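Remarks on the structure that follows.
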Amino acid sequence: MSNRPELKAPPEIFYNDVEARKYTSSSRIIEIQAKLSERALELLALPDDGVPRLLLDIGCGSGLSGETLSENGHQWIGLDISRSMLDIALEREAEGDLLLKDMGQEMRQLLLTVYAGLGLRPGVIDGAISISAVQWLCNADKSSHEPRLRLKAFFGSLYRCLARGARAVFQVYPESLAQRELILSSAMRAGFAGGVVVDYPHSSKSRKEYLVLTCGPPSINTELPKAKLEDGESCSDDESSGDEENQTVYISDRHRPRKKQKTTKKGKGREWVLKKKEQLRRKGNVVPQDTKYTARKRKARF
């Protein structure tokens with residue numbers, strides 16, 4: 001993970017003219033992008049009725065993933081923060097509409113401005129994909145960047161753009177379990193239902209994670225697709241390994257009722273307080289460090 005580009009520099013700096021051209025001219029990267037885009041499109045589970053859909057390609061880069069969308073007969077809008085990448089997409093005559101935009105900021109207003117002349121309204125985008133882009137939001141590249149707030153802005157604006165029942169599929173490279181949990185929890189708070197599908201979970205090279213989200217509350221249609229195994233078969237959650245890192249993760253019941261907290265006459269103890277503080281840390285909140293005074297008992301004063 002140490003050689004991941006998101007750990008080296010912000011995307012608009014890392015993907016300069018030289019790096020963007022080298023990225024797009026690599027036959028290996030072109031092949032990988034095509035496979036990832038095909039899988040993302042498969043997980044979108046669009047109706048097979050021959051009707052073209054309007055899709056978002058978030059972090060579209062030089063349009064490699066957009067080519068897969070065009071080959072399957074869909075129209076698409078591409079967003080990227082790197083001007084160099086978009087310039088190459090124009091050179092390659094990408095069929096989608098390209099927008100220079102930071103996905104960590106509000107997307108909805110820009111889309112409304114650009115497409116007002118076409119009569120588009122919020123909620124008419126039929127689906128969204130993103131290949132190796134969302135994890136960039138977990139980095140604070142500027143003093144004004146707060147990963148938790150950027151993820152909130154991203155998923156909130158995406159939710160308003162999508163039609164109810166539409167899916168969004170993001171292929172991601174989370175740096176850690178905590179980062180995966182931060183991305184998932186941000187999506188759930190925005191209103192999405194879904195979870196993570198892990199293809200080839202036991203392979204260090206072929207393992208790929210896809211965040212599969214449905215716009216709207218959980219329902220029968222929000223059931224996650226099955227992951228792929230090394231032998232080409234698919235597996236369900238029951239068949240996957242017991243290892244937490246290697247199994248398909250389901251987080252579809254967003255509106256589950258809250259459990260009643262058990263309280264005693266003495267109130268909540270130190271163990272409960274430490275547990276709650278740890279939960280807040282996993283969500284990306286700033287929490288004071290634990291000390292010997294945490295949850296200490298105070299004398300009654302009158």
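The backbone N, Cα and C atoms fix where each Cβ goes, and this holds for glycine too.
According to TrEMBL, the protein has these features:
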- 232-246: compositional bias 'Acidic residues' (COMPBIAS)
- 255-268: compositional bias 'Basic residues' (COMPBIAS)
- 56-169: domain 'Methyltransferase type 11' (DOMAIN)
- 213-300: domain '18S rRNA (guanine(1575)-N(7))-methyltransferase Bud23 C-terminal' (DOMAIN)
- 223-302: region 'Disordered' (REGION)
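This prediction places the mean pLDDT of the domain '18S rRNA (guanine(1575)-N(7))-methyltransferase Bud23 C-terminal' (213-300) at 67. Using DSSP to sort the residues of the domain 'Methyltransferase type 11' (56-169) gives these counts of helix, strand and coil: 47 helix, 28 strand, 39 coil.
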